[in-house]
Amino acid sequence: MENFFIVKKLASDTYGKALNVDLDRLLQAQNKYTLQELISYCSALTILHYDYSTLAARLSVYLLHQSTASSFSEAVSLQAAQSCSRLSPQFVDVVYKYKAIFDSYIDYSRDYKLTLLGIETMKNSYLLKNKDGVIMERPQDAYMRVAIMIYGMGRVVNMKMILLTYDLLSRHVITHASPTMFNAGTKKPQLSSCFLLNVNDNLENLYDMVKTAGIISGGGGGIGLCLSGIRAKNSFISGSGLRSNGIQNYIVLQNASQCYANQGGLRPGAYAVYLELWHQDIFTFLQMPRLKGQMAEQRLNAPNLKYGLWVPDLFMEILEDQIHDRGDGTWYLFSPDQAPNLHKVFDLERSRHKNAHREFRKLYYQYVAEKRYTGVTTAKEIIKEWFKTVIQVGNPYIGFKDAINRKSNLSHVGTITNSNLCIEITIPCWEGSEAEQGVCNLAAVNLAAFIRENSYDYRGLIEAAGNVTENLDNIIDNGYYPTEATRRSNMRHRPIGIGVFGLADVFASFKMKFGSPEAIAMDEAIHAALYYGAMRRSVELAKEKGSHPSFPGSAASKGLLQPDLWVRCDDLVFSWEERVAQTTQGVLTPKKWWQLRLAAMQGVRNGYLTALMPTATSSNSTGKNECFEPFTSNLYTRRTLSGEFIVLNKYLIDDLKEINLWTEAIQQQLLNAGGSIQHILDIPAEIRERYKTSREMNQKILTKHAAARNPFVSQSMSLNYYFYEPELSQVLTVLVLGWKKGLTTGSYYCHFSPGAGTQKKIIRNSEKACSADCEACLL
C-alpha cells in the first residue's frame, strides 16, 4: 500500500493541479508493479486522458529525487568529489561561494511540471552523470548550472541575471540549446550548437576539415560543410599529374568520421553537406543519401549524412520556364577548378532585366560562353533526381542561395555558401590565412508562455527575447572554441539564433486554425515582436559593451532592419508596420520601428539575432508543439533517445470535453484513425477543421505562414513539408511558391507516407525532422 499512497499523493494537487485519473485502477495496479514499472503502465493509459502521462512524469521525478542530492550545493559537491568529475574548478568555486543564495532560491517542485517525455529526455541526455552512468543532479540543478555558466563565470558574478535566467529556464519560458545544457559548467564548455565549414580544394584542407568536424562533433555541435569548391571527378590535378576522385570518396570519408565522432557519447554525430547545382558531380551527390539503388548496393553511398542543395535564382527561373514550356531547361555543369568562384558570388537582384545586379548569372554565362562547362543537362533532370532521393530519405534540403545572401545583415562580409545541419543558420565562412568557420549559439522562446485569458502578451514576448539575447551574447564570451577559426568568426560577428516553439499551442488556445487570416497575422506579429525584442536588447548591449567588429558596412549600420531588406527586395509590402501595429494592439507601432532603426545605426552587438530551428527537446520537456509547426498528429508515439512515449493533443481533448464528446467511442475512433479526426463525423466540422494535422492541410498554408514570419528572421528556418503521396508536381508547387515569395529556405524535410486517416495504428512519429539522430542543433 505504500506505493499507492505515493501515487495518490502525486495525483493530488500537492504537485500542481489534481489529476483526472482512476485511483481504483491504480490501486489494483500497484499490487503488480513497482513504482518504476508504474511509469510505463500510466504512460500506456494516456489514450484515456493526458493526465495519466502527467502522473507518469511525476512518478519519474519522484524516483529521481529519491536518488539525488536535496540541495544544489550538495549535488555539485558530490560531483566535484568524483575522480572523473566534468565540472570546472571555477564553476565549483562560484557555487561554494554563493551556495546559500543558490540553495535557497532553487525550487525543486518545478521538476514536477516536466512532461514524461521531458523528464526522461533530461535524464537521458542533459543531467550530468558520474563515470558509472549514475545521474548526479536534478533538472533544476541543470537549469541553475546553465544560468551560472552564463552569468557567473566572467570577471563579475551577476547574481541578478543568474537568478532571472534560472527562473526563465525552470518555468519553461525559454530554453537553451542541447550543447549548452550538457556542457555548461564543465571543464570544456562547448556551448555552441551549429558550425559551418567551407572545404577548400587541396589535400591538406580536405583532411583538416575531417579533423575539425570530428572535434566539433565530439563536443556536441552539428556541422554543415560546403563542398562546392572541390573539383569534380576526373578533373586534372596539375601538381601530381593525376585525376581527382571528386566529392564522392570525400563524402564517404566524412560519413565514416561522423559515425565515429559521436556527440560526447550522448547521441550520434550529425553532419550536413551542401553542394551547388552547377557542380559536375551533382548527380553523384544526389544519389549518395539513398538507401536503395546501384550506389547503395555497391556501398558507395553515405546515408548517415544529411544533404543540402544551394539553389540560385537562375536555376529556379530555368526550371519554371521548362515546366511551363517557355524554354528547354538547359543547365550547364562545371568543375570549380575550371570555372572558379561560382559559389562565391550571388545575384543581388532577382529582376531579369539585363542591367540587374546579378553577379552569379553574369559569371555563369561568361563560363558558358568560354565553353568551360564539363557537362550539360536540364533543370528538370536535376530536380527529378533530387526527388528520387527525397522520397527515400526526406532530403536533400533546399536553400535559396540568392535570397539568403541578399537578405543577410552580413552580406558585406562575404558570400554565404552553405548552411548548417538543419538549414536555419547562414553565416559566411571560408578557409585561408584568416579563416572563419561559422558558429552560432541557439536558444528558443516558449510562445505558449505568453498566452493570457483574452489576449496575447506581446510585451512579455519582447522582454523574453531581450533576455535570451543577453544570455546568448554572454555565451559567446564564455564558451569553449574547438578551433581558432571558430573563435575568430564568433567574436567578429557575434551571431545568435533565437527560435520559438509552441506556435500551434497558441493557435489552439485562441481557437484559430492554421491558414486563417488571423493566424497568419498573428504568426507575423509574434515573429516581429521576437525580432524587435532581440534587436532592442542588442542595441542596448552595444552601448554597454560595443558593437560586433563587423558592424561597419552591415545593413543595420545603414539603418536597415531585417524586414527592410525584404521590402527592398519587393518581398514585403511597405505597410507591414501598420499591420503589425494592428495585430499587436499598438504594442509595436511604426514609431517604435523608426526609433529602433535610428538606434541600430549607432551600433548593434550581434550580427544575427533570430533563426527558427527544430525544437524537439524543448517541446518534449514542456509539452508544447515543436517550433512553428502545426500538430503532426493528435495522437502518436514519440520516439527519442529515451524511448517511446504516447503524446495526446490535450487541446483537442479539452475542446471535446467541453461539449461532452470525449467518450470511449471517440477515443477508439481516434486510435483507429491513427490520430486523425477528419472522418469522425460526430465531432463538429469547426473542430475538425482546427485540428487538421500538418499533412491533412494544404501545404501552401505552410508556405504562406513561412512567408509571413520570414521577414523577421535574421537567418533562416527549418521548414518541413508533409505529403500523402510522393508526387513531384505537389512538391514543386510549394517550392516555386516559396521561391517567388522570397523565402530563404525552400525545404528542410519533405515527408511522404500514408496520412493519419489511413493508418490503423498510432502514428510513430519517426517522420519528424527532429528525430533522435538529428538533434545537434535542436533545442
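Glycine is treated like the rest: Cβ placed from N, Cα and C.
Record check: Swiss-Prot places S178, S193, C194, N420, L421, C422, I423, E424, P614, T615, A616, T617, S618 at the substrate site, and the matching candidate among G222, G229, G586 is G222.
Every protein chain shown contributes to the tally, and the Cβ of C440 (disulfide bond) ends up with 29 other Cβ atoms within 10 Å. The Cα of N420 (active site, proton acceptor) lies closest to that of C440, out of the recorded positions D201, R231, C440, T615, Y749. Annotation: D201 are the recorded positions among S178, D201, E424, C440, T615, T617 whose CA atoms are within 10 angstroms of the CA of R231 (site 'Allosteric effector binding'). For the recorded positions given as C194, C422, the lowest number of other CB atoms within 10 Å of the residue's CB is seen at C194. A gap of 21 Å separates the Cα atoms of S178 (substrate binding site) and Y749 (site 'Important for electron transfer'). Restricting the recorded positions C422, E424, T617 to those with a CA within 10 Å of the CA of Y748 (site 'Important for electron transfer') leaves C422, E424, listed by sequence position.
Cα separation, C422 (active site, cysteine radical intermediate) to C194 (substrate binding site), rounded: 9 Å.
The least crowded of the recorded positions D201, E424, judged by other CB atoms within 10 A of its own CB, is D201.
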